[in-house]
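Written below as structure tokens is the structure these notes are about.
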Amino acid sequence: MEENIDKKYMRMAIELAKKGEGAVNPNPLVGAVVVKDGKVVGKGYHRFFGGPHAEVYALEEAGKEACGATIYVTLEPCSHYGKTPPCAKKIIDMGIKKCFVGSSDPNPQVAGKGVAMLKKAGIEVVESVLKDECDKLNQVFFKYIKTKIPYLFLKCAITLDGKIATKTGNSKWITNEIAREKVQFYRNKFMGIMVGINTVVLDNPSLTARIQNGVNPFRVVVDPHLKIDENCKVVKNNEDEKTVIITSQKNQFVENSENINDKDFEIKMKQKRLSQNNKVKFIFLDKEKFSFKEMLEEIGKMGIDSVLLEGGESLISLAFKEEVIDAGEIFVANKILGDKNAKPFISGFSKDKMEEAILLNNVKNNIYGENIGMKFYLKKYSEK
């Protein structure tokens, strides 16, 4: 019975943690609940990057009631001075007698030190409570803190016959409004969104999170030849300075480059204008064909911990070939084009046997009216 009660409070902490989605990156999602004599006396979650941690909110709400109480926290309390003081010290100072922890923290600055600090102070610590659920909460954080490579989540909308657009490039709209609302949720959840230059040319998207109190992602455009229109939305509406273009090193403007041919000079001048006038950030790669792994490495260096891939056939195919996708959701509409010349969402694979097909693991089907969302996880990260 007591075990079920403990899980109940940890689930409460998990739901609290989710409220921080989109606002705390690259920090982890954390929720905390303080309980005394069977009554919740304090609740909190990490609300924004650089702000107080979940434990602080919960303990301050509990006040004097925290003394002799139990705290449930989804992630091991921190033990170091960062943007905020250590939560483990706060727990000790407030007189907590018992602490339930969901996930251990892989951050080298914490990594067991928080639990050790609590135990040394005489606080009873119970670890791995609803561990799988708590680990799932912070897949993005676990990957990025250990590898500095962003978590890659694929979002793709297709017809029943696997097409993302007609042969003329028309794609509005494949899925219904309910499914499209879910996409806005993902744009708020992940720190960056990636598309190819063809998507920008054909659709001229804003690539913003159109939900209440949403946080706009970094808009990453893969554009090897710098074809982007200087008047497109991701350039003109870059007041937040979150537009990033990945292009070839040869397109970078350098001083005293007047002797190059006129065509190359104009491209370099465009790069200069985009950077200086529109505050567009650039990632330059010294290759004709970009590696997805290299792109992710460079994006990670910018402090971007997660990327929502909304690209077309080329980017999606490359991501699957290099096996860099961590998870995703494929939205399937109740529509059929029946045209072999319509644009598929993936190509370039030659499979002779069905057993050679790419297998999407841990699938959960979500229903969006008459549309289906196939959510899958290809990789799983834990604190170890």
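Quick reminder: no glycine exception, Cβ is built from N, Cα and C everywhere.
These figures come from a predicted structure and were not determined experimentally.
These come from TrEMBL:
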- 4-126: domain 'CMP/dCMP-type deaminase' (DOMAIN)
- His53, Cys78, Cys87: Zn(2+) binding site (BINDING)
- Glu55: active site, proton donor (ACT_SITE)
- Ala157, Trp173, Thr199: NADP(+) binding site (BINDING)
- Ser171, Arg187, Asp203, Leu207, Arg210, Glu310: substrate binding site (BINDING)
Residues of the domain 'CMP/dCMP-type deaminase' (4-126) by DSSP state, where helix covers H, G and I: 43 helix, 28 strand, 52 coil
Cys87 (Zn(2+) binding site) versus binding-site residues Ser171, Trp173, Thr199, Glu310 - nearest by Cα: Glu310
Glu55, Cys78, Arg187, Arg210, Glu310 screened against Thr199 (NADP(+) binding site), Cα within 10 Å - retained recorded positions: Glu310
Which of Ser171, Thr199, the listed binding-site residues, has fewest other Cβ atoms within 10 Å: Ser171
Binding-site residues compared (His53, Arg187, Arg210) - highest count of Cβ atoms within 10 Å: His53
Ser171 (substrate binding site) versus recorded positions His53, Glu55, Cys78, Ala157 - nearest by Cα: Ala157
Between Cys78 (Zn(2+) binding site) and Leu207 (substrate binding site): CA-CA distance (Å): 34
Cα-Cα distance linking Cys78 (Zn(2+) binding site) and Glu55 (active site, proton donor), given in Å to the nearest integer: 10
Cα-nearest neighbour of Glu310 (substrate binding site) within the listed binding-site residues, His53, Cys78, Ala157, Trp173: Ala157
Other CB atoms within 10 A, centred on Cys87 (Zn(2+) binding site): 29
Per-region confidence, the domain 'CMP/dCMP-type deaminase' (4-126) (mean pLDDT, whole number): 92
CB within-chain contacts under 8 A for Trp173 (NADP(+) binding site), separation at least 6: Arg180
Minimum Cα separation from His53 (Zn(2+) binding site), reported as the residue among binding-site residues Ala157, Asp203, Arg210 that achieves it: Arg210
Most crowded position, judged by CB atoms within 10 A, among Glu55, Asp203, Glu310 as recorded positions: Glu55
Integer Å distance between the CA atoms belonging to Cys78 (Zn(2+) binding site) and Arg210 (substrate binding site): 33
